[in-house]
Structure formats: C-alpha cells, structure tokens
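Peer 1: Please read through the structure below; I'll follow up with questions.
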Amino acid sequence: MKRFDLIIRSSTVVTETTTYRADVAIRNGIVSAITEPGSISSDDGPAIDGTGLHLFPGMVDVHVHFNEPGRTEWEGFASGSKSLAAGGVTTYFDMPLNSNPPTITREELDKKRQLANEKSLVDYRFWGGLVPGNIDHLQDLHDGGVIGFKAFMSECGTDDFQFSHDETLLKGMKKIAALGSILAVHAESNEMVNALTTIAIEEQRLTVKDYSEARPIVSELEAVERILRFAQLTCCPIHICHVSSRKVLKRIKQAKGEGVNVSVETCPHYLLFSLDEFAEIGYLAKCAPPLRERQEVEDLWDGLMAGEIDLISSDHSPSLPQMKTGKTIFEVWGGIAGCQNTLAVMLTEGYHKRKMPLTQIVQLLSTEPAKRFGLYPQKGTIQVGAEASFTLIDLNESYTLNASDLYYRHPISPYVGQRFRGKVKHTICQGKHVYQDH
C-alpha cells in the first residue's frame, strides 16, 4: 500500500510568510508531510515533478457570479469551476444574485448547493442575499451555512435582486451582527449614479468616458462613508467589494483605525485596465464601479503595495455575448468575465513589473480571504494538516491569452489578447488533480 495519494516533488513552496524548496505529500485530501526535496521514496506514491515550479496555496476567490440555477446559459458551476481550476483557484464564494431566483431564502440556498455539489470541480461557499423584505430569512440562511450576506446600495442590473435602502441595511446589519456573520456591500450611491446617468443620456454623452463619469469616485465615497457609519451603529462586520480608487481606500483605512470591523477588496481589472484601455476594448470592459483614469490605476497599486487592500477577488460576472452589444455603453451588461486570469494579472503586473513579493500575492489571493471568512488554516496556507489545495506555477512562462484558452461558457473577456508572464501548470483541490496545463 502506498504511503501517500500524491507527492509534489522538489517545488519551491510559497506561503504567506516564506518560500522554501520541499517535497509535499498528500493523503486523504490533507497535507501529510513536508520534507527535504528528494527525501520521499518514489515507492511512496504517484508524483508530480515540481522542479523549477512554485507551489502556491490554492486561491480563494470570494466574489464570483456563476448564475446557477436559472441562468446557466450565462455560465454555470461546471464551466465556472473549471475556469477557476485553470486559474489556480480552489475555493470560490458564489454571489446570491444573477442566478434566478436569487439566493435570498433557505430553499434557494439548498437548491444551489445541490447543483454545485453535482457539478463543481473545486470547493465552494455561498453568499446569502440581503434585500428588502427578506430579513426574516437571514437566520435560516445563516443556519444553512452561508459564508455571509451581500447587499447592493445601488441597482444591480437585474430586477430579481433589489438594492437595499437605509432601513433595510440598518435592520439587516443589526441582525447579521447578532448572527456573528458579515455583510459584503456593493457601495455606489444609487441616487447620484441615476441622476448623472439620466443627465448623460439626455445630453447624448454616450462614450465609455461618459459612462465612467456617470459613476464617479465620489459615488463610491458617499456610499462607503454611509456603510461605515452604519457599521459603527450596528457593530456589523462589513466587506467592501471591488473598490476602484485609492481615495476610497484612505477612508476605509481611517475607519479601521477607529475600530470599524471592515475589510476591502479590489479586482484585477482595476489593476490592469484604465479608461484608455476601456475605450480600446469597448463594451467587454464595462463594469461597475467603472474603470478609472491611468493615474487612479497607479494610485490603487500604491495602496495595494502599502497593505491598504485586504484581498483580491475576480468579481467574475459573465453574460450572454449579445448582452455585451448594444447601441450605447449605458445599455449593455456591466460585468467582466475574468476569474481564470486573476493570478496571471498579479504575477505579471505585481511580481514581474512592480516587484511585489510572492508572499504578499499569497496573502492577497489565499491567506487573507481564508482568514477573513474563517477558513484558515484549513485553507490559505501550506502546512501539515492543512487542506491539500494548491497550484503549481511556472513564474516565467509568457503567453498571449487567446479565447480558446478560456473555459468559460462564453469565452469573451477583456483579458483576451493580453500578454501575461506566469502560468498555472497544475491545480490540486483537496488532494484531487483538477487541472493540468497542456
């Protein structure tokens, strides 16, 4: 009988604190041994040669929309999780909206879990929704195991997940705090965005720059300021999604100093693309909050390098191809398909271009998401006793992303055509070999 189910030989292990060469052995989905390279016998189990490769903990993507049930023509657990595996992600948190019906009751949560259990290639958790009228369902959703709750402070683009006015937010946050849970927030001012959008359309200002100006940074700041005050009032932990500007980070940093229990994420598209690229790529790069000026991108990197951002998520938000076409930027679907490319962006733009330490990339993509949501040290690190979920990476392999490389149901993405350096070669999830580069 073999001692181990799988051995990763002679790779450079990267954790949140250090790097070192080792053999890593897996048994029953758990890291069973970490030893000097070459010290485990070839008779002890099947092996992957990690020579020249780096072994990262599996990424934890806390923000994806896989649209199942009800909108599997947009994505789905099978294609979405395969894309994640190809990008080095071994755990994802699926958002409650863009499936139909949304995950705002225990019944819908149970249906979604059954589908994911049947189809998902990697591990998962689910967000429950906070919407007007469902506060009485929060307890049942929590008992059903949601990782937290999600609310929108502005309209989300579909009619089946309503945004939350102040009363819903305050009542919901009080309940969520009592449950010991957390609220994730899409923070843009609904009234400001609607007013500026109406004015832009009336004046026939319909370029991508006009779209960005209709959702200005100040709309994020106004909403973030409000939700931080509500967090103080209710003692509710909050997680602010997809921040696009360092101006917002500075206010969140101040709130942390005041004792507010708040974390913040940004997304790879805000770290790679600016308004200039938005104009070149077109509607595929529409998202909310929108892409910003190049200086805002660089400032966001400064904040990231300085530790002002807790974690990186993809906010993978796919749609039918025809939803990305239309007469004006204001009419098309706002969402970017990108969950397969988060690590590639961070290695290319972070490690290679800006000399971000690999340990910091692990913190942002694996460790801090796991810690914030109570999954560490089972996930988010590589150590004996931890879950055997990791990805083997060739840091120096360069490639141009082609649509044929993507595993999404619809291989359309603003990342297509981008040049990346650093490629996932293998992904292991709970001891199972779920992806191998060809």
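Glycine residues also receive a Cβ, built from the backbone N, Cα and C atoms like all the rest.
For reference, Swiss-Prot lists these features for the protein:
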- His63, His65, Lys150, Asp315: Zn(2+) 1 binding site (BINDING)
- Lys150, His186, His242: Zn(2+) 2 binding site (BINDING)
- Lys150: N6-carboxylysine (MOD_RES)
Peer 1: Between His186 (Zn(2+) 2 binding site) and Lys150 (Zn(2+) 1 binding site), what C-alpha distance do you get in Å?
Peer 2: 8
Peer 1: Please identify, from the binding-site residues Lys150, His242, the residue with the sparsest Cβ neighbourhood, meaning fewest other Cβ atoms within 10 angstroms.
Peer 2: His242
Peer 1: Show, in sequence order, which residues other than His63, His65, Lys150, Asp315 on the same chain lie with their Cβ within 8 Å of the centre of the Cβ atoms of the Zn(2+) 1 site.
Peer 2: Val62, Val64, Phe93, Met95, Trp127, Ala184, Cys241, His242, Ser313, His316, Ser317
